[in-house]
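Copied over from TrEMBL, here are the features:
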type	residues	note
DOMAIN	109-142	domain 'EGF-like'
DISULFID	Cys113-Cys123	disulfide bond
DISULFID	Cys132-Cys141	disulfide bond
Amino acid sequence: MRTMRSTKCPWAFLGVAGALVMLVAAVHVFMVPILPSSLDFFGAGHGIGKPRNVLPGVGVVDSRLSGQFPSDSYGAVTYRGAPWKAEIGRWLAGCDAGLSVVNITEFIGTKRCEQDCNGQGVCNYELGECRCFHGYAGKRCEEVQKVECNLPSSQEWPVGRWIVSICPAHCDTTRAMCFCGPGTKYPDRPVAEACGFKTILPKKPDDPKLTDWKTPDPDVFTTNKSKPGWCNVNPEDAYSSKVKFKEECDCKYDGLWGRFCETRVECSCINQCSGHGHCRGGFCQCDGGYFGIDCSMPSNYSVAYGMPSWLQPPMNLPDLKNISSSSINVKVVAKKKRPLIYVYDLPAEFDSHLLEGRHYKFQCVNRIYDDKNRTIWTQQLYGAQIALYESILASPHRTLNGDEADYFYVPALDSCLITRSDDAPHLQMPRDLRLRSYHTLEYYRMTYDHIAQRYPYWNRTSGRDHIWFFSWDEGACYAPKEIWNSMMLVHWGNTNTKHKNSTTAYWADNWNYIPIDRRGNHPCFDPRKDLVLPAWKQPNPAAIWLKLWARTRNNRTTLFYFNGNLGPAYKDGRHEDTYSMGIRQKLAAEFGSTPDKQGKLGRQHTANVTVTYLRTEKYYEELASSIFCGVLPGDGWSGRMEDSMLQGCIPVIIQDGILLPYENMLNYNSFAVRMQEDDIPNLIRILRVCVCINSPFRSVITFDTYLVFPSHQGINETQVEFMLRNVRQIWQRFFYRDSILLEAQRQKRLFSEEAPWSVEVSKLDKVDDVFATFIQVLHYKLYNDPWRQGVLQRKETGLPDICSKAS
């Protein structure tokens, strides 16, 4: 990645530039030991100690590999088509590539639950504990809870103040959902939000309709065909315009389809219950003997019917005859490759209840199902959390044996919790701060309390081998202090070296006000232990079919492109000056190609530079027609990096001290440009090919990715071609192909004809995607953490001889 500043490139300056080259070269050669490394640089100011990234003998191993896998002129070592930082790529090329399988003993659960959870939950056979459905509780799921839809009523608010679950009809108090109820023709039809209340008509033609939350609408129950009803409206009569119906009513709940919710369809569950259960609103009701959030965990009562696919092919399988009636421990020896990941099966209130109680079918999930049970991919911004979770659960890198595990994945779902904050009275946020960030912190802290108390694994390492995913706008900024030793997966790699406080313009997500005794004083991201993962992008069959990522330089005519919210100066822009930390606003002020509210263009607007807020159906096409594409923050992270990579455009990153996906692992010099925020006015001069192309000093000097030195050159055509080629090679590392193909396989079992998205994704080259990259990163970290040395010496690793640690 090019980190640079720019000035004009006059010939008169070449002498100064040459002197600068010599000076910097001398500094680089003679003073490297006293200059901060990239990781120390990002950790500065936060009390972070020396990097724990070298094992005894690692230098010897690296010296063995360096001759075999030298770095290129950009400082990268290529492994499986991707340019990695030299020491990482070298280790992967020599060690990950030669990894062999090892024999792992898997333990199959045998502990029954009392009364089989009374049919109101799923038994965790590992712990002998019930995971109760929404609205049920107790050791045997024998308690029926009353989960209210409404807040306390008053004379002014007869149904209570507004909340998403507000209900003037029949409240299903096991889920806090509102239905027409008994006495109506369609008792299971939802009466969600505005549906059940009077509508205030606009006074002016262009004004919107409003809802009178104080006045329930009795007409939703009418049988009078001349009034706009709902609960007694026959769908066929409504479709043929024989009766009126209330347009504010719709079908928001999952598992229902049609304008009048007349068709029951598949609900969205994790891995769709793996073929071993039924999805009930987001909670997997597993077949006998199976358990886990996706019914993928076998017990000794289910192995007689076969093993789940992620455990196959096993070896030394015990005699399965009559084993389902036995209570003896079952051990299965399977051949696997490290790293091995143990996934906690959390109590339902931490995950399944959030999914089962959704008031909008699009919440929390990255897909829903239509009236034919065909997959519809959603534009859920935070869908990566579900996609990664599904891939881990279905992966052969998963293990049921915590003693053999290299990592422990804690599947807390912050995006679902935040999306559903204040959905219903039982989900109301803490009274003291009313912040979604604080609510999330407490949720993760309670998850930590559970695993630390119920399992032996956390205390062995103080959680350093545990993995947590924070997918919301500012990532792990509001992680509780108790879990900070763990690896954090985020979309927002803010090292807090420049932006030290909350960067969101949305008050409810601001973490500045969280008490320090709850959060601690950690940064949002530590590049030595954490990882930025790409955000979710739905499969776009047209873009894949057109191979937009493969567009050559000749077909990219726009020099720079950015399309997104540009702040308060533009129509429909965010009104907060602090939105995007002001970065998008600065870009628009210089290069805006669409007039702002005052009719002004950017000070330096030019024909082949697009900076606009106007949404377009040709967004992907316009990205694919550009050489460089802007990657700027929003309320925290935005998906512009993924948009750029998936359309083959060179990312131009403008967010100081905030890392992008894999930036602490991949060599960004090879495919991206990083600019300082203060250099925005020089953007175009940096990106244009320098007029001094024949200068003997035309090559841009490559420094440590994170040490910013001034550059007095533009980017020449050779470098552009090189970076575009690398983007084409690695774009799938920003795409959740594995999770998408899992769904494609499930759909193939149901339908003879594949959907267009399935056809096109299945045709893609079988190169590494997000999940494969994630596993490679875990593998590298596994053998480059000093704590793990003693542990791994007691385990069969499968490493090649060249990777053995010399004393």
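Numbers here mean position along the shown chain, with the first residue as 1.
Placement of Cβ uses the backbone N, Cα and C atoms for every residue, glycine included.
Just so you know, TrEMBL annotations are computer predictions that nobody has curated.
Here the structure is a predicted model, which means the values were calculated and not measured.
Outside the domain 'EGF-like' (109-142) by six or more residues, the chain places 173-175, 280-281, 283-286, 289, 291-292, 295, 297-301, 327-330, 345, 347-348, 352-353, 356-357, 400, 454 with a CB less than 8 A from a CB of the stretch. Here the domain 'EGF-like' (109-142) has a mean pLDDT of 94 out of 100.
Neighbour count (other Cβ atoms within 10 Å of the Cβ, all protein chains): 25 for Cys141 (disulfide bond). In the structure as shown, the Cβ atom of Cys123 (disulfide bond) sits within 10 Å of 26 other Cβ atoms.
Helix, strand and coil counts under DSSP for the domain 'EGF-like' (109-142) come to 6 helix, 11 strand, 17 coil.
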